Amino acid sequence: MSLRYRHRHGPPSAPARPPEEEEPFNIIPVHNLLADHPSLRFPEVRAAAAALHTVGDLRRPPYAQWHPSMDLLDWLALFFGFQRDNVRNQREHLVLHLANAQMRLSPPPDNIDTLDASVLRSFRRKLLKNYTNWCSYIGKKSNIWISDSIRSSSDQRRELLYVGLYLLIWGESANLRFMPECICYIFHNMATELNKILEDYIDENTGQPVMPSISGENAFLNSVVKPIYETIQAEVESSKYGTAPHSAWRNYDDLNEYFWSKRCFLKLKWPIDVGGNFFVSASRGKHIGKTGFVEQRSFWNLFRSFDRLWVMLVLFLQAAIIVAWQEKRYPWNALTDKGVQVKVLTLFITWSAMRFLQSLLDIGTQYGRVSWETLGLGVRMVLKTVVAAAWMVIFAVFYGRIWAQRNQDREWSREANHRVLTFLEVAFVFVIPELLALVLFLLPWIRNFIEETNWRIFYMLSWWFQSRSFVGRGLREGLVDNIKYTLFWVMVLATKFAFSYFLQIKPMIRPTKQLLALKNLKYEWHEFFGSSNRFVVGLLWLPVVLIYLMDIQIWYSIYSSFVGAAVGLFQHLGEIRNIQQLRLRFQFFASAIQFNLMPEEQLLNARGTLKNKFKDVIHRLKLRYGLGRPYKKLESNQVEANKFALIWNEVILIFREEDIISDRELEMLELPQNSWNVRVIRWPCFLLCNELLLALSQAKELVDAPDKWLWYKICKNEYRRCAVIEAYDSIKHLMLEIIKVNTEEHSILTVLFQEIDHSVQIEKLTRTFKMTALPQIHMKVIKLIELLEKPKKDMSQVVNTLQALYEIAIRDFFRENKSTEQLKEDGLASLNPAAMAGLLFENAVELPDPSNENFYRRVRRLHTILTSRDSMHNIPVNLEARRRIAFFSNSLFMNMPHAPQVEKMMAFSVLTPYYNEEVLYSKEQLRTENEDGISILYYLQTIYHDEWKNFLERMRREGMAKDDEIWTTKLRELRLWASYRGQTLGRTVRGMMYYYRALKMLAFLDSASEMDIREGARELGSMRRHGSFDGYNFERSPSSRSLSRSSSSVGLLFRGHECGTALMKYTYVVACQIYGAQKAKKDPHADEILYLMKNNEALRVAYVDDVLTGRDEKEYYSVLVKYDQQLQREVEIYRVKLPGPLKLGEGKPENQNHALIFTRGDAVQTIDMNQDNYFEEALKMRNLLEEYRCYYGIRKPTILGVREHIFTGSVSSLAWFMSAQETSFVTLGQRVLANPLKVRMHYGHPDVFDRFWFLTRGGISKASRVINISEDIFAGFNCTLRGGNVTHHEYIQVGKGRDVGLNQISMFEAKVASGNGEQVLSRDVYRLGHRLDFFRMLSFFYTTVGFFFNTMMVILTVYAFLWGRLYLALSGVEGSALANNGSNNGSNNGSNNAALAAILNQQFIIQLGLFTALPMIVENSLEHGFLQAIWDFLTMQLQLSSVFYTFSMGTRTHFFGRTILHGGAKYRATGRGFVVQHKSFAENYRLYARSHFVKAIELGLILTVYASHSPVAKGTFVYIAMTISSWFLVISWMLAPFVFNPSGFDWLKTVYDFDDFMNWIWYRGSVFAKAEESWERWWYEEQDHLRTTGTWGKLLEIILDLRFFFFQYGIVYQLGIADHSTNIAVYLLSWIYVLVVLGIYLLISYARNKYGAREHIYYRLVHFLVIILAIVVIIALLEFTAFKFVDLFTSLLAFIPTGWGLLLIAQVFRPFLQSVRLWNLVVSVARLYEIMFGVIVMAPVAFLSWMPGFQSMQTRILFNEAFSRGLRIFQIVTGKKSKGDL
């Protein structure tokens, strides 16, 4: 029913409150239902409020005054001690939700003025679903005493009380909201007391009616929330704010999981017993340890969590080696041999060993969970270990017996075969559980049933296999989904195993056998185990095995790309890629808008039936391919066409507001309203261009054809037909308009046009008129129009042109030449002879006033249609505008749910956490220049050149006379323009407020009648011409008009109710955590936030306010504020007291959580600070929300994933690589994860959450310190584990910004990689790894932590390969093998290298970033076409994208590995500015020394030593082929930071940078020096992870550091002085050298300290003696030993790594060394090493800077995108601004 007529109903029956002084309200004034507010027109709102007032005969709270105006929530608050503002907040929350839910009922309820029971019941079930599940899980009876069978009115009140109680508890729980089962526990106990009050129980002790155990002011906060909050706080403090090991303290999850067992009732009691050991923190006495899971730092977690994957990989590897060892052509040939078959049975021994390992790891990591209360757990762990060990022994014994029998009988006798059978029977028993799991996998619903029902019997059965857990039950998907992802993985695994067998394992067998067969190898050093070559074989196999373990990632990447492309094709992505394709479909674009964005009149219960779905499909097909008549023509009187015009014009108008199109483009793109009596739809000009000229040429060609034929030819093209009719109608109207009515000339023209019209009607146009005259007429009409368009009109010329036109029409146009008399008779000539003498039209012309914008706009349009020859493919010019139009139009032909009316849509909110980022750029920020002379504004003007021109054009239209006014009167506009192009809060708010604007417009279109819309369109048409297009409300001041984009042109037609509807459906909360502090400090950020509130009425700001109460005591409040338009100031709406400081865990989730209580609606969209939104996308939001009603598989969605568009790609080539990589991840990657793999989590931030589902299950992110550093993805984990469903939808998109400079990108990658390192340890990953079925577990692994793990494996492969090669070269094995095999056919080297080549090529492909590039190419070709994708890919390669991808692999590997080993993950603020300035060498060194430079130098050193000592490397080609990928890695890691650094190779800057670097190294600094100032400070910070790591971490660190001693061991034996001796003494004596160097260093530093200042001569003397001594020693060595002079340099390669290894080990022992005073020595040596590394890295940079032409080439690489658009980046980089710029 239309909204307009709703407010006839009388006021509600509930007693209204006395009008108090106006209390501020958030969205609807629930406290005052008589207020004049648009939302109160809805009877549903009043019905919900009235239901809350049914207190009736309830017992009144004893100790408080009761007002008749109070409702059920007040009643609960007085009994249980909730805060007043919490009650006010939840009252509005509840009323709004119930009213919205009732509006959505279909069919509508009979009595619209009362709350419908079904609405309340379904809400109660949804809200308390988690609570009832929890009750059933722990075996308690639920305290919701409502029978679902009999309904009564008191039941409704009771239901409201339960719902109200839950919401009040939730609204005041603060940090406890992260612990959903803790809230269930509180609710359970309070509901018990509520029931006692409702049932009038009598207290046994007092004889009075029962009272709650807690009551009074703020009782709930103080007695319930605070004790638990303080426990969390104490745990966080004992964790030293996240730096202590995770296993030492309880995080949010541990505390929450305490409530998963019945013991919480015994221990905690009610009212809460604060003396319980639950409240004792880890640092003190008898406390409760970890519950549910212990997070231990170790790489073994990857094995523990994904043991099934590793079992599969290890068993296949073992089987493949056994089979390949036979060297048969195909594996099945080898398996015919009985011996091979039996050997394959050893798999069972391996399998049982891996189970044993798993059970040992379980004990090793989880012993912390075992206590007296959880003894069963410990028993089970021990039993599992014993059983696993027993299986291992059993298999070994039975296997041994088989071979004993076989060897005894010398053949496969009957007895031997019998023993094989016995072994198989034993094995069958072993795999029974696996078979059972397989059966349950094939029948997923049985598995779900068993896991979800809480029957004792099922628990007993599954006790052995997995510990009982409240989450992670019933995660199986439906059969169809099962089949889809199983097929996907069967394909991937089949390919991988075939590839591995034939190309990795089989080629390695022959070289292995040959090496093992080599006798008397000649080692060139002291060999400790010279007897066998097994160590060498192991080194050869190591890289092969490493690649074998990771290459599923590559196959996954390949298959997922193609599957993703296929899914995308079926979703019709990329069908309209550009404006040309849009032109072809524009005719049925209007129908698509009508079909998708406009709700239909629905019959009751019609939607959702099969028949309807079938109709929909047919309808969409017709739409998509333009079949059937209705999609051909939309004539101009149709409502549909008018609605389309309104929507389309609004979209185009917003493009103009955003300055991405110019005024002229606006005229080209808009659909003008119908006027001048044009009979057809007036398509946008850009569709009609060239059509009229083509029609003219057709008419000229078909001179003698009949009318019908000519018209048929013209009508073949719809746009041509429209162009012809529109041109004719417009010319006719124009002529008659400029000539005065009642003149003779007017009547002549009228007759002429009547003549033409008549001949068209009787189809004799071509017989009556000559078509050849048309071009002349065309030329003259154009001339006339051009005269009219001139600012100064020359009347005589206008008259002349009209006369000429008249002459042509009369003389040349008619086929029969008429005499003057005939013309007079027909009314085609003047009766006045004077007029005929050349004065015709002289006094008859009257041109409209120049201010008649409407008329001249039409004239301009006519001129365009008559003259445009080009096909206008380049309108609009702006690439962003074209992309948006193409995406929007394409999305309307994709499948999406139907839009409901705005009234009936789901309500939703948007939540944005904000801390202290930019809101709007200030004048200073825009003008301040950096060291290169570039200001932000200049940079933006250059990058967004066309948008800047459009902006200036708009400013001039809005009254800017001179350009310098932009810094004065138009300053606010300028700041907004710049801020909307950065990553600012202003941009995000503008984007999110488009939702509000779109909803208001849709609400208007929903309820407007045909007249409204037609009138509306006409009014808009006229209004838009008044002075400004933007048709804003003119009453506003000019400055507020500018930002208040909320009042669009359509806004002027609204009847008022649209705002009310939109406010009820949408609210935007920005969680500005420190806004209170910013206001107090008078921070400009606060004023700008206020400005945003002032101009956006649906915007709310939530912040945490700390108020000083006593001396040092603070109280904390969650506060919500808005801007009141009536009072013209900011007003505070709610102030809810918190139990203490907000931030106990990670900052962002805590900030989101505190603001979550102020959001409204069924869904909440989480948006980050770096996002943007588009108006045309906002129109589709109500369609998206309808997805919650559809089943995806066997569940409805709980998170709707939304596609993102990365808008920062155009800034530089780096930003482009990043955005390309990110785009393929957020589109193709997510698409595959959601369908078919069903493991999409929540990664980024445009996802839409099912709000009530999440608020009862722990909120929209997790917040424990450090472990949840990637807080978003844990929401996805939590969702999946608790039985949610995550989908992905690509018909709607949100903009997102990414980092643009290399340092920012690296910090971002470091943050993500550290976050993944922490995820590996987390309980969520462990549970998902165990609870998902095998194939979903694979998908989950390879798309989350597995991706990072495999990236690390690639780098480890390079290490393994190079170290292995170095070992072979230095030990002499390579030489011996070559010598020994010379006689055999060819050399073993050939076959050996064949296998290695396969491995290395694979490793190289990954390293080049090809497995990130393939999804990119595929997604690009899907959306932009194949050739474009290939071109983009080649361009990227030329811009060195491979260098960037190789470099970022290094970043990921370093931080992922280090986090797992040592921890130290932290949030890294990347700063989202524009990066154009040069970063200094010292800064790059600080960032990348440990993660890249040192590692690159190490690998470079290995390659150098290998080149000089390997007999193989003597062949240059072989050496290059084997090591090119490694050299590429070394070069990328060393040079990338300089290649991608603006002015990275500028000689002067390089010189300056080196000075700066040396100053930094030698700066001693004070205690307070920062890492940026002093090397020493930075060096200590780099060791921070060693302070927090555990013993195992330190041990591993030392073991890894030992590799540096190998250089010395290997090279010493190669020196001349060693004289080919292989005695161990050679190595031991070489340590003398190290000691001597150390001694000399100590001596010199001692001399410097003692003599350096005063007796300088002694200091010089010491120097002199040392030099003399060194020379003497060298001469002696040359003379008396086999020492060669080259040895001096070679030995450097040996001893420098040794020193570095010693340094690293010294860092681990730092506390000990500091106590024995050796630490200063370590620091000084470390400083020398850093200088050496700096020089090594600097050398190639300096060389390239010195080379001419390199700098300009680098700028070209870095800024290519911008170059190709003809920008002046070079000026930006070098700062040579042209003078004319602003």
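Heads up, the Cβ atoms here are built off N, Cα and C, so glycines get one too.
All annotation found in TrEMBL is predicted automatically rather than curated by experts.
Sequence annotations record features per position, and here TrEMBL assigns compositional bias 'Basic residues' to 1-10. The region 'Disordered' feature in TrEMBL is assigned to 1-22. Residues annotated as domain '1,3-beta-glucan synthase component FKS1-like' in TrEMBL: 157-273. Taken from TrEMBL, the feature transmembrane segment applies to 309-326, 381-399, 420-446, 485-504, 525-548, 1340-1362, 1517-1540, 1595-1612, 1624-1646, 1658-1682, 1688-1706, 1718-1743.
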Criterion met for the transmembrane segment (485-504) and the transmembrane segment (309-326) (at least three Cβ pairs under 8 Å): yes
Cβ contacts the transmembrane segment (1718-1743)/the transmembrane segment (1595-1612), at least three under 8 Å, sequence gap 6 or more: no
Whether the transmembrane segment (525-548) meets the transmembrane segment (1340-1362): three or more C-beta pairs under 8 angstroms: yes
Within-chain partners of the transmembrane segment (1658-1682) [C-beta distance under 8 Å, separation at least 6 from its ends]: 1616-1619, 1640, 1643-1644, 1647-1648, 1650-1652, 1688
Intrachain residues whose Cβ lies under 8 Å of the transmembrane segment (1340-1362), provided they are six or more past its termini: 302, 306, 309, 539, 542-543, 546-547, 549-550, 552-553, 556, 1229, 1233, 1237, 1239, 1241, 1273, 1313, 1316-1317, 1319-1320, 1325, 1328-1329, 1332, 1396, 1399-1400, 1403, 1406-1407, 1449-1450, 1452-1453, 1456-1457, 1499, 1502-1503, 1506, 1523, 1525-1526, 1529
Beyond the flanks of the transmembrane segment (420-446) by 6 or more, those residues with Cβ under 8 Å of it: 342, 345, 348, 351-352, 391, 394-395, 398-399, 402, 465, 476-479, 482, 1194, 1333-1334
Long-range neighbours of the transmembrane segment (1688-1706), counting only residues six or more past its ends (CB under 8 A): 1498, 1501, 1504-1505, 1597-1598, 1601-1605, 1607-1608, 1610-1612, 1614-1615, 1630, 1633-1634, 1637, 1674, 1713, 1718, 1722, 1725-1726, 1729, 1732
Per-residue pLDDT averaged over the domain '1,3-beta-glucan synthase component FKS1-like' (157-273), given as an integer: 92
Same-chain residues near the transmembrane segment (309-326), Cβ under 8 Å, at least 6 residues beyond its ends: 303, 333-335, 337, 340, 343-344, 346-347, 350-351, 354, 497, 500-501, 505-506, 509, 545, 548-549, 1337-1338, 1341
DSSP helix/strand/coil residue counts for the domain '1,3-beta-glucan synthase component FKS1-like' (157-273): 78 helix, 2 strand, 37 coil
